Amino acid sequence: MLRRGSQALRRFSTGRVYFKNKLKLALIGQSLFGQEVYSHLRKEGHRVVGVFTVPDKDGKADPLALAAEKDGTPVFKLPKWRVKGKTIKEVAEAYRSVGAELNVLPFCTQFIPMDIIDSPKHGSIIYHPSILPRHRGASAINWTLIMGDKKAGFSVFWADDGLDTGPILLQRSCDVEPNDTVDALYNRFLFPEGIKAMVEAVQLIADGKAPRIPQPEEGATYEGIQKKENAEISWDQSAEVLHNWIRGHDKVPGAWTEINGQMVTFYGSTLLNSSVPPGEPLEIKGAKKPGLVTKNGLVLFGNDGKALMVRNLQFEDGKMIPASQYFSTGETSVVELTAEEVKVAETIKVIWAGILSNVPIIEDSTDFFKSGASSMDVARLVEEIRQKCGGLQLQNEDVYMATKFEDFIQKVVRKLRGEDQEVELVVDYISKEVNEMMVKMPYQCFINGQFTDADDGKTYDTINPTDGSTICKVSYASLADVDKAVAAAKDAFENGEWGRMNARERGRLMYRLADLLEENQEELATIEALDSGAVYTLALKTHIGMSVQTFRYFAGWCDKIQGSTIPINQARPNRNLTFTKKEPLGVCAIIIPWNYPLMMLAWKSAACLAAGNTLVLKPAQVTPLTALKFAELSVKAGFPKGVINIIPGSGGIAGQRLSEHPDIRKLGFTGSTPIGKQIMKSCAVSNLKKVSLELGGKSPLIIFNDCELDKAVRMGMGAVFFNKGENCIAAGRLFVEESIHDEFVTRVVEEIKKMKIGDPLDRSTDHGPQNHKAHLEKLLQYCETGVKEGATLVYGGRQVQRPGFFMEPTVFTDVEDYMYLAKEESFGPIMVISKFQNGDIDGVLQRANSTEYGLASGVFTRDINKAMYVSEKLEAGTVFINTYNKTDVAAPFGGVKQSGFGKDLGEEALNEYLKTKTVTLEY
């Protein structure tokens, strides 16, 4: 009956080791949890003098036994501890021989006699996965979910002669999320935090500081082990109660109902907060309303009219299928294996044999679970196949749905062949032979992983500003399209793979997307040049290059988003722990401008996705094409459907609907100040959604007479004419000190005359067309206003006489503070120069700050003290010193005053797409 886990007890006594406040422990129990507690206690210096566990099952030792045997710790594998109510003598003798000072029971399914419990100096402590006195007894985690508890947790208590009634040593709790499962709770909190707590409890005992808090009887509950016959679903209840019943029984014993005379067990329940998708009705015995078999799963209805969805169904014969395939007719045909696939099957057979060591031969009919495998073995199987079969990535559900070896191999082969993948992305391109390449441009709305026409079929023309020709017709998103996109994003966040994905995997997808952007940078830069007029070389370096850098930067942040612990006043005699968690907001809307179509997309969406949100993005109506190409690449990168949605169209329809939509939790906008104000108002009135705004600017650039003039001229021109002046941080007004003013103007004009204006795809072009016709007309009117008010037009101010929307680089001087040119942003290639008196630092600062805008600013001087003084006094989100336009993905970017609020780029940008949750617990 009594058997030692190894042939002889190995003792290592090369010398004595003395530990301060460390104990001799007996570990009684089993499981991976027991193994981890054992390992952590030994790391902390406690001496485990004996492990008392269960006998091998089907030739396989328990994980706790395996770890202890490996370390040379005495292991006793006991079928039972007592007979007819009395402790078995040889068991008691074996136990007492180890001389334990404390019994630690991390997880134990056996009944341990009280003489053993009370034998050590310090008695015994037990881990229980509930907040006692609630849910005493077995299946405590299941009952936490079944009863709809809002808090879950565990207790470490002192064993007594009652059933989970002993005094509390310590407790920990966590929130129960709406769609938590038993596995999710266990893996997220009960397992990792339980290990830490058991180690902490032992140390408290060793230090003589362990409390014994009597359990109150008020609120005490006791529930037994749920059996299959008791797990039938009672349908006349709310959707939330049904959901709790199903998830509380997942995976054992499984909540079931009768469908077409057969017991069917439900797995993978989630509450359905979005609209009910279309599906085929399914009659369910006892349910007042038929279920709906949809493409995502089986929708079920509570008596309150609300709905839930289950992902998988299991039949009486043990076969499990996706609920969406319930009405699929006929059996899947058996595929013939190629020679290479036979090798993979043989490798997998070896892996099965290693896990199912008790099975002599793995046959086609061998059932993984009926042969003794557990959920822990599922994880091992998936990982071993990934390592030994060329990175083949299976999901745990693949094992549950094909438990027999023959069926499992068929599933693997279909996955290898790509036959079980979702429908391949279909893209209806507009193709053009241009820039020595074939450019393929999607032109439809991108919603829920598919390109599709607008709901009402409407389109509009997107124009090439180089010659005014139509590039293609683009779908014009309707209100219905916006609603579909938001619903897809919400479903992806709440029910899809994205919401369950770990942060590191999210980062991997973003790195892959950055790689694809880089691999396709020439095509993307060409599309940017065609659609926005950006000079190709600039588009390649900045528009596309910085987009790649942005996605790589935020990909690295995915698994580094973390909260903090906060010391607070203790509620004596109890103690408190307060910490914060950073969580994604949900569905985010992003509305971007036309000056940097892809780069503005990247600046906002990369931070949004890194934080774990899903998004609906509306590109500028006049420049939609790189955003739609980005959508295509996101699918190739592996982003799940619904995570990214792109809806081209007008701001008045699509943009306004996004700002008003009740399911959107955050809106990020870059554009004009008047539109930003309207968006902010709509966001507030609708549902107080979080907002970040990057709006207009009139950025001052102050050039002192002690500057390096050549550099000031060169960078001053870049500050105005970079990207044709269509630059949010462009220097809207230059203040040049009187003594160098005339020379500065002369040199600028000389350099402008050297600039080549022409086709943006020509590598020698310096200055391309303005983005669209209406903008060109606005710039010409801006210049006319300046002349009428008395400013001096030194150069330019006219449209270039050639096809397209080209404007001459323009210079105005003698601009007074009251003039329109001094107050309003041009957003074009117009340099506005004002003179200031020599040495009048405070005077020029007052003039520079005399604007409602505050996006960027700059100063050129050799005097570092002057530079720092000016930078401190300038009212702007960014100050450039002896440089300009120097942005970086790691440096936060955003304005003050009526230039908006919130940041793009850098760590601060993540906070725009996260919410902070404060958690305080008492122990």
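Glycine is treated like the rest: Cβ placed from N, Cα and C.
Residues or ranges marked as (6R)-10-formyltetrahydrofolate binding site by TrEMBL: Q110, F111, I112, D164. What TrEMBL lists as active site, proton donor is H128, C728. Taken from TrEMBL, the feature site 'Essential for catalytic activity' applies to D164. Among the features that TrEMBL reports, domain 'Carrier' is placed at 339-416. Feature annotation from TrEMBL assigns NADP(+) binding site to 592-594, 618-621, 651-656, 671-672, K778, 825-827. The active site, proton acceptor annotation in TrEMBL covers E694. According to TrEMBL, the active site annotation covers E694.
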Of D164, E694 (the recorded positions), the residue whose Cβ has the fewest other Cβ atoms within 10 Å: D164
Fewest other C-beta atoms within 10 angstroms, as judged across I592, I653, which are the binding-site residues: I653
Spatial neighbours of I112 ((6R)-10-formyltetrahydrofolate binding site) that are distant in sequence (at least 6 apart) but have CB under 8 A: I28, W81, N103, L105, S124, A159
Counts by DSSP class (helix H/G/I, strand E/B, coil) across the domain 'Carrier' (339-416): 49 helix, 2 strand, 27 coil
Those binding-site residues listed as Q110, Q621, Q656, and which of them has the most Cβ atoms within 10 Å of its own Cβ: Q621
Distance, F827 (NADP(+) binding site) to C728 (active site, proton donor) (CA atoms, angstrom): 7
Taking residues Q110, F111, I112, D164, which bind (6R)-10-formyltetrahydrofolate in the record, the widest Cα spacing (Å, whole number): 14
Fewest Cβ neighbours within 10 Å, where candidates are the recorded positions H128, K618, K778: K778
Position of peak Cβ density within 10 Å, selected from the binding-site residues F111, F827: F827
H128 (active site, proton donor) versus I653 (NADP(+) binding site) - Cα distance in angstrom: 56
(6R)-10-formyltetrahydrofolate site, defined by Q110, F111, I112, D164: further same-chain residues with Cβ within 8 Å of the Cβ centre: L105, C108, T109
